[in-house]
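A.B. asks: Pasting a structure here, questions to come.
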Amino acid sequence: MTKHRQLIHRIIQESDDHLTADQIYFLAKQEMPSIAIGTVYRNLNLMVKDEEIRRVQLAGEPDRFDRALLPHDHMLCQRCGKLLDVQLQGLLQKLEEDTGTSVLSYDLKINILCPQCRKELDEEGKQ
């Protein structure tokens with residue numbers, strides 16, 4: 001693994017967020033000023049292909065990258081854009097049973113209002 005790829009991998013693994021390529025580039029540049037944005041994109045694409053990380057695609061938004069490879073879905077806050085992981089146990093089995101199909105793949109994103117944004121809106125409403 002190249003030093004660039006090691007750095008990018010570490011940044012993703014140490015983040016609690018689903019970072020965009022630009023965010024990863026910004027963090028990588030702080031540690032390795034000579035790194036180019038193209039190097040970041042190239043390595044991210046290779047890491048997705050090699051199943052080291054997962055690409056999360058959101059309509060109208062830049063792709064984000066996920067360190068969690070185990071099956072899970074995402075909840076997207078419509079106010080702040082925070083992306084949260086969620087595991088919906090039995091969803092795939094229930095879907096197949098109800099429809100009589102074999103699900104080959106799916107990409108579920110649930111639009112939410114995260115707890116922090118909900119709290120802020122509740123406080124604004126009280127004023």
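Positions of Cβ are set from backbone N, Cα and C atoms, glycine also.
Keep in mind the model is a prediction, meaning the values are calculated, not measured.
According to TrEMBL, the protein carries these features:
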- D73: Fe cation binding site (BINDING)
- C77, C80, C114, C117: Zn(2+) binding site (BINDING)
A.B. asks: For C114 (Zn(2+) binding site), just give me the three-state DSSP call.
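C.D. replies: In the DSSP reduction, C114 (Zn(2+) binding site) maps to coil.
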A.B. asks: Work out how many Å separate C114 (Zn(2+) binding site) and the residue listed as 'Fe cation binding site' at their Cα atoms, rounded off.
C.D. replies: 15
A.B. asks: Neighbourhood of the Zn(2+) site (C77, C80, C114, C117): other residues with Cβ within 8 Å of the Cβ centroid, in order?
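C.D. replies: Surrounding the site, in chain order, are Q78, R79, G81, K82, I112, L113, P115, Q116, R118.
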A.B. asks: To the nearest Å, how far is the Cα of C80 (Zn(2+) binding site) from the Cα of the residue listed as 'Fe cation binding site'?
C.D. replies: 18
A.B. asks: Under 8 Å Cβ-Cβ from the residue listed as 'Fe cation binding site', six or more apart in the same chain: what's there?
C.D. replies: D85, V86, Q87, L88, L91, L108, K109, I110
A.B. asks: Let me know how many other Cβ atoms fall within 10 Å of the Cβ of C117 (Zn(2+) binding site).
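C.D. replies: If we count other Cβ atoms within 10 Å of C117 (Zn(2+) binding site), we arrive at 16.
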A.B. asks: Which residue, of the binding-site residues C77, C80, C114, has its CB surrounded by the fewest other CB atoms within 10 A?
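C.D. replies: Least crowded of the binding-site residues C77, C80, C114, by Cβ count within 10 Å, is C80.
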